[in-house]
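Taken straight from TrEMBL:
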TRANSMEM  6-23  transmembrane segment
DISULFID  CYS62-CYS65  disulfide bond
BINDING   HIS150, HIS154, HIS160  Zn(2+) binding site
ACT_SITE  GLU151  active site
Amino acid sequence: SSVKISSFNIIVLYSYIFLVFLGKKSGSVDVFTQISKVNRGIRVPTYQGDILRPKGRSAMNCTECLWPKSTDGTVIVPYNFSSNYSKSWHHSSNIFIHLTCVRFVPRANETDFLSIVSDNGCASFLGKVGGDQTVQLDSYGCIYRGIIQHELNHALGFYHEQSRSDRDDYVTIHTENIIPGYEGNFNKADSNNLGLEYDYSSVMHYSGDAFSKNGNLTIVPKPDPTVPIGQRDGLSILDVSKINRLYQCGKSPMIRTSLLLF
């Protein structure tokens with residue numbers, strides 16, 4: 001159905017298109033394929049390929065897992081670096097600043113913060129776990145806009161898109177093509193979907209051949225199997241909307257993803 005586009009939404013659309021072209025893209029492969037490639041053989045145990053600890057939900061239903069909101073309505077997420085990511089980091093985090101109320105800021109003396117480290121692949125805890133919270137961004141394979149935004153979205157409290165409780169209405173999981181022992185990576189969550197539609201274009205969505213043992217597809221969209229899934233550009237419009245709704249930002253860029261001409 002058509003959506004009436006307000007002046008605010010037009011501004012959001014153009015801001016999004018401008019910001020999405022900033023920063024380094026993950027080459028010719030999608031975000032999750034690159035993450036899986038980098039994480040192959042790492043010794044740190046992960047869930048669903050890049051989640052350091054399965055905690056909460058896909059946008060989680062627990063306020064203690066969310067980063068707190070300041071009196072001015074912003075959500076401050078302190079961070080520090082173990083390496084110099086500067087340019088790639090700032091290009092990747094700017095979209096949160098411009099289109100949501102989330103602010104990733106250099107740590108002063110905060111107790112709870114993200115510690116961005118360059119080892120052991122691309123991975124993040126889910127939501128705020130407290131204290132020195134690791135986000136792994138290997139400088140040799142993870143410093144791309146889409147991957148940085150993917151891991152930051154985990155840290156804000158989001159699971160992978162195909163883990164949604166309603167995912168069976170939108171995709172078919174072909175378990176016969178999944179690597180034995182990796183079936184758990186396709187488990188559904190009892191998720192809070194925030195009243196927003198399923199997003200094939202989400203930066204949090206697996207690629208179609210994720211964890212495939214034979215090169216065949218493990219995830220097929222329905223009813224139209226040709227709908228693209230797995231992208232390399234970064235947060236989608238609906239990803240932004242979900243952040244705003246989860247953190248009650250008061251911003252709602254509800255523009256249909258079909259309007260994005262890139």
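Backbone N, Cα and C atoms are what each Cβ position is placed from, and that goes for glycine too.
Curation plays no part in TrEMBL annotations; they are all automatic predictions.
Known features from TrEMBL, placed on the structure.
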residue : record              : CB count, 10 Å
CYS65   : disulfide bond      : 19
HIS150  : Zn(2+) binding site : 29
GLU151  : active site         : 26
HIS154  : Zn(2+) binding site : 22
HIS160  : Zn(2+) binding site : 25
Taking only the CA atoms, the spacing between GLU151 (active site) and CYS65 (disulfide bond), expressed in whole angstrom, is 16
Between the Cα atoms of HIS154 (Zn(2+) binding site) and CYS65 (disulfide bond), what distance do you get, rounded to the nearest Å?
11
DSSP-derived class (H/G/I helix, E/B strand, else coil) of HIS154 (Zn(2+) binding site):
helix
Could you measure between HIS150 (Zn(2+) binding site) and CYS65 (disulfide bond) for me? Cα positions, answer in whole angstrom.
18
Cα-Cα distance linking CYS65 (disulfide bond) and HIS160 (Zn(2+) binding site), given in Å to the nearest integer
16
Output field, Zn(2+) shell: CB within 8 Å of site CB centroid, site HIS150, HIS154, HIS160 dropped
GLN48, ASP50, ILE51, SER124, GLU151, ASN153, PHE158, TYR159, VAL203, MET204
According to DSSP, does CYS65 (disulfide bond) fall in a helix, a strand, or coil?
helix
Can you check what DSSP calls HIS160 (Zn(2+) binding site), collapsed to helix, strand or coil?
coil
